[in-house]
Every structure is written in C-alpha cells, then in structure tokens.
Amino acid sequence: MQLAIVAVGHKMPAWIETGFNEYTKRMPPELRIELREVKPETRSSSNNAATVMQREAARIEAVLGSLSKQCRIVALDERGKDWTTVQLAEQLTGWQREGGDVAFLIGGADGLDPALKARAHTLLRISSLTLPHGMVRVLLAEQLYRAWSVTQNHPYHRA
C-alpha cells in the first residue's frame, strides 16, 4: 500500500525536507509514503482565489490520474473531521485491509478547490491552528508514522 501526499508547493526549506524524510524513512516498505509536489499558481490581479484553486486542482487531478484507480482520497481541510492518533491508526488498518492506495491532498495558500473536496472520500483537519503548508507535510508524515506505530504496539506512541 502506498500513501501519497499530494501537496501544492515546492522548494521547501531544508528543515522541512529533513523532518519529512525523517518520518518517511521510518515507515515499513509495505507502507511507504511518497511526496508528489504540485506547482503553486501565482496569485495576481487577474488570478483570484477561485481561479488559483481551479488551476492547482487541475495539477492535483493530473497527479491523482497517475495513481491507482482505487486510490482513496483524503483532503486536508480546516472544516474536516478531527481524528485522534488512535482513530487515524484504525483508519490506516482499515485502508490496509481494503487494499488500494491513499492520497492525502494538501492545498495551496487558498486551500483546495471545492470540486476536489467534494471528490474526496474524507475531509480531515490536521489541526485547528493555521500552519505553514510545509509544516503540514511534516506533521502528516509524523502522524502517519505514529499511527503505524500504534498498530504495531511500537513504543514510539506512549499515550
């Protein structure tokens, strides 16, 4: 099973790449995390937020098209469901049992296009705080690793 993180944005600071890579390398080979970066759209007087989100959505759709047809889509959104780490671990176990890959979508500065959110199987809120998009990558990778550690009774998670 592959966990794809499809994120708008590129050229992240080194500390974000280091943090993200730290958690992805800890994942077992049968549950690897792959980052797919999507170029952000530049906002201007002729590009309002809706236009920006639509153009970024087209790029995200192109990435989703390269993943398996049975890929489950989880869109990160401030209005999404709040899951505990244990609930995420339960979801991860269920996804593994069902088979297929999972794509986590991280939008750009304006968020995800409403059509993408409507297409998602799940809307997930990673935090009630406003976070830099690069940091969300690191937090998501860490939480996926932590969820996996819960399923394995690994001592990393000590709640």
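The backbone N, Cα and C atoms fix where each Cβ goes, and this holds for glycine too.
Site annotation (Swiss-Prot, ligand S-adenosyl-L-methionine) includes GLY107, ILE126, SER127, SER128, LEU129, THR130, LEU131; from LEU67, LEU76, LEU88, the additional listed residue is LEU76. Set side by side, the binding-site residues ILE126, SER128, LEU129, THR130, LEU131 differ in how many other CB atoms lie within 10 angstroms of their CB, and the most is found at ILE126. For the binding-site residues LEU76, SER127, the ranking by surrounding Cβ atoms (within 10 Å, all protein chains) places LEU76 first.
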